[in-house]
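Read through the structure below, which is laid out as structure tokens, and then see the notes.
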Amino acid sequence: MTESKNSFNAKSTLEVGDKSYDYFALSAVPGMEKLPYSLKVLGENLLRTEDGANITNEHIEAIANWDASSDPSIEIQFTPARVLMQDFTGVPCVVDLATMREAVAALGGDPNDVNPLNPAEMVIDHSVIVEAFGRPDALAKNVEIEYERNEERYQFLRWGSESFSNFRVVPPGTGIVHQVNIEYLARVVFDNEGLAYPDTCIGTDSHTTMENGLGILGWGVGGIEAEAAMLGQPVSMLIPRVVGFKLTGEIPVGVTATDVVLTITEMLRDHGVVQKFVEFYGSGVKAVPLANRATIGNMSPEFGSTCAMFPIDEETTKYLRLTGRPEEQVALVEAYAKAQGMWLDEDTVEAEYSEYLELDLSTVVPSIAGPKRPQDRILLSEAKEQFRKDLPTYTDDAVSVDTSIPATRMVNEGGGQPEGGVEADNYNASWAGSGESLATGAEGRPSKPVTVASPQGGEYTIDHGMVAIASITSCTNTSNPSVMIGAGLIARKAAEKGLKSKPWVKTICAPGSQVVDGYYQRADLWKDLEAMGFYLSGFGCTTCIGNSGPLPEEISAAINEHDLTATAVLSGNRNFEGRISPDVKMNYLASPIMVIAYAIAGTMDFDFENEALGQDQDGNDVFLKDIWPSTEEIEDTIQQAISRELYEADYADVFKGDKQWQELDVPTGDTFEWDENSTYIRKAPYFDGMPVEPVAVTDIQGARVLAKLGDSVTTDHISPASSIKPGTPAAQYLDEHGVERHDYNSLGSRRGNHEVMMRGTFANIRLQNQLVDIAGGYTRDFTQEGAPQAFIYDASVNYKAAGIPLVVLGGKEYGTGSSRDWAAKGTNLLGIRAVITESFERIHRSNLIGMGVVPLQFPAGESHESLGLDGTETFDITGLTALNEGETPKTVKVTATKENGDVVEFDAVVRIDTPGEADYYRHGGILQYVLRQMAASSK
């Protein structure tokens, strides 16, 4: 770490017990004491990293003199203490670092200079797919298949962990990255050779903000920005506006943390918090347990905010002790927070905020969200009514969705069973079909009853609204003890009443850490969950990222052959179209407790207040209220089942891994030996032929529109992580390289191979490109006579051959969702030079710049619709060359020429927001910028 210039004489000594620590005292700078918590963390960061060039005393004073009412205008350089990764985004990061070692050497530098300068940690959690479910050996089967499919990736990651210094990998089967982070990896306060400072962490997953619940400032970034941070580059940002969110009251009986977070998500989305910090304060904060704070922080990307911070207080240190942190570390956290004015207690002076919201927690009511956005909250009491309102949208054929996948499918096509893989008895015969029907009570809604014969015997009738997947999944909820214990207890009560999950429901339980398995065993809850079909499926993200695996063959066939509108209910954070399963059209977020309830109901067309879930052994109707666990029951079970010893035991050898991990055949050497025949790991192309000096920025002439899209296009739409559909360009590539269909794996697992990923860009089966009438990865190819329909990738190849640049037109909230760098990498590799939208989500906008694609916005109040653009025009964009003179133009002129010669002109806003971003764009991307800096410094 470079020594700070310390121009404010802020370096001081902190005594904690019998130890002394150096630290940079905020009290040395007038004004710091009145700042919101999150800005105090930024202020300390600048004090500690002040170098007189990139970070000056003027920057420090700008933080101290922050004007809560002003719009962001002052750029600062934030240096995170560490970087966190998961394997889907982490594999391409390691690929890029390995490629950079070779590129540095080619530019005359030392390849061994390419190492993370700050701790970089990866948790492998994105690769497990739920093939087996509802059976005692589901976990073992899914792990076995995971290693078979991902052996090459895992060998590569082990090579990286042994080749790069300051880089550690938590093996698969341990848990979800964000839960492992808050339970083990997070420091809260760093001790770096006697220097104490706040733990700050950026991550290659948007839900990195879960750590905000621990008082750790951090957020999700694209993999390319994370790589730059690992290599010592600070994160360029504007001092943000901070939204103060006041919490009062206490959560009422019968309301879960999930209900609270869905309520907050709706409020903040309605308010508008993109590119803002959110900070929770008020008397209600102390009543929010740490696990609930983490759940709220986790959903920051769904709010749209950069982060969602809670301060450090007694609840924080209580959690650190529970999770096995050393007492010396806990003492440092408390002493440091108090010394810096970062500790919350009754004497804390309320900070000033840019904007204010307030929620009385006692007013929160049971809720779910869906069917396609996390912010679309629905009161549980109105869920049936709202489902019936939404259903016609999904049953009419206004937009044709390409569902030409055969009903009997291979596993990696998103349905059916793998050849030679998991057997057909995926769910327990004890809860097989016995004549149950969803056609009953269908009056008043679209209905298309289909009778299905169960392989286990019997038959049942499914219909629109069937719950095809009920999944306890995701970092948001699956290690929150209150809702996880609650799920086990509602299963127990349901089993006691003789209730069962419906036979058409795929039941999944994938906890966020092994600690959950431990307290389920202690509380003897597994037998009750298993009675509902919820066997342990894996420790990883599973359903929430689209790794729900295939539905049983007969159910998948019935859904697709009869075009049924199936639903999924998951305890996740995202429910975007096409994300959860290709067989499912409507996705709902709910607490783990409600996941169990919906599995029993079997349909979204259900009124939990007035309809019985079934009958008990005496023939009495059983309602949700009859099996809902009380707060006292949940708390008593938590006290009995959860202890510090559980955490200490599970994390004692967290980097060791299981026998399969330890026995992997790992390559050696400082540089990686690329295999040109590999379909998983390929040398990245971004530095091929890169000159020592950047090429001048040019305007864009004669561009064609590759895709014309609407509002809320997600990074899932742009770069899906889920299954690879046969016949698509990505599948054709794998076919040509000898990969069998049952070994396709997911697009997310292939992110180390740019050839697969560029073919999978804009390939989501639900993508609605307005240039064509069919949903999926299609466009019109204007290089061909009559501009016929073509795969987006195939058309891009023709455009490249013809020397024609490309643009994408979009609507509001373009790039919402995951911090998926491949959504920008794929955009770049397809030849797209500019994306023009009404608004961008923060991470994707930054990622586009990081890949040399310019983000542009239509003039305020305008859109491609209002301007009459239909996507058949030729585009010229002028004014970008001003960047060569060191200036970032506020707007550029866009001229769209229609086929009949008519012209539409407008001034597009250039969304290159900071000088640092302008530097990255001038160099063709952030990695090219970093590479040139490294090569120059090592000569």
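One is the number of the first residue shown, and numbering goes on along the chain from there.
Yeah, the Cβs are placed from backbone N, Cα and C, and that goes for glycine too.
Some features that Swiss-Prot has for this protein:
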BINDING   Cys475, Cys541, Cys544  [4Fe-4S] cluster binding site
REGION    433-453  region 'Disordered'
Can you list, in sequence order, the residues of the same chain other than Cys475, Cys541, Cys544 whose CB lies within 8 Å of the CB centroid of the [4Fe-4S] cluster site?
Asp125, Ile176, His178, His207, Thr473, Ser474, Thr476, Thr478, Gly512, Gly540, Thr542, Thr543, Ile545, Gly572, Asn573
Residues of the parent chain within Cβ reach of the region 'Disordered' (433-453), under 8 Å, 6 or more residues beyond its termini:
388, 391-392, 395, 459-466, 502-504, 554-555, 558, 562-565, 602-603, 605
Other CB atoms within 10 A, centred on Cys544 ([4Fe-4S] cluster binding site):
28
Please list the DSSP helix, strand and coil residue counts for the region 'Disordered' (433-453).
0 helix, 5 strand, 16 coil
